[in-house]
Amino acid sequence: MNLQALIEDIRQQVLPFYDQGRVADYIPALASVPPHQFGIAIHTLDGREHACGDADTPFSIQSISKAFMLALTLQADGEQLWRHVGKEPSGNPFNSLVQLEYEHGIPRNPFINAGALVVTDRAIGHFGDAHARLLAWLREETGNAGLMADQAIAASERAHGDRNAALAHFMKSYGNLGHPVETVLDQYFHNCSIAMSCRELARAGLFLANHGLSPQTGTQYLSRSQAKQVNAVMLTCGTYDAAGEFAYRVGLPVKSGVGGGLLAVIPGKMAIAAWSPQLDARGNSVLGLEALDRFTTRTGLSIF
């Protein structure tokens, strides 16, 4: 199968979907991103790379960082982590307070904002500077020593992060955050503000397709069981309240971010990253979903 020709053809098929979504505007620094961009990149376990479009343009990975933070923290915390955060889909918006109150400060899963704040808090307990640890890992996996958080986006998120602050204070009141709220928020916002390209993101995510083992560095980041767990939570919770649609149309573990990125995993084969900044009503990339749908439909590569 000629994957390069396939993704180039898919790119042409999805470009007409421009303007069927809108760029995230609740974070002002994201609102200024030019909307008509699309990139896709594939990294396979046997070392092949395919990319087209704007695959080398860095973008804010936003909530995709939560998948990497979950992996880092699960490696350090083990099963203890699941006493502080659940594994179930929420069915609510990613920044909802309602469910958190009903469930006494235990977030439903690690990928809604409340859950990611708890994971960050647990990571701080193990690494001190969890953001620095995440950056070091991503730099090693991508080979980009200059990979950084976008400070303008981090500052913009902090200035407009009252809902996240409310979530953190609420969980703190239930004893489910062990560190100062400001410390947790600062590291969380900086994680979300990391800028990566599709090529880099697919390369960094490849360990999830390889039972937790990085093909690039030979590092075993997760046990086989833990890699299965992360992929499972990505499948059921990784695209917020659109997880059912993604499972139906794409059939892969996927993590999305409001920067317009998507990271998809085909266990035993490859990782795929797609990016286009215009989002649907649920906060997922319009063109990214269309591209992944076409890719799995035409290749037959899904977990189902």
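Heads up, residue numbers simply count up from 1 along the chain you see.
Glycine residues also receive a Cβ, built from the backbone N, Cα and C atoms like all the rest.
Note that the coordinates shown come from a computational prediction; the quantities given were computed from them, not determined experimentally.
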Note = Among Tyr18, Tyr188, Swiss-Prot assigns to the substrate site of Ser63, Asn113, Glu157, Asn164, Tyr240, Val258 just Tyr188
Request  = List nothing but the largest Cα to Cα distance in Å, as a whole number, among the residues Ser63, Asn113, Glu157, Asn164, Tyr188, Tyr240, Val258 that the record says bind substrate.
outcome  = 19
Request  = Going by DSSP, give the three-state secondary structure for Val258 (substrate binding site).
outcome  = coil
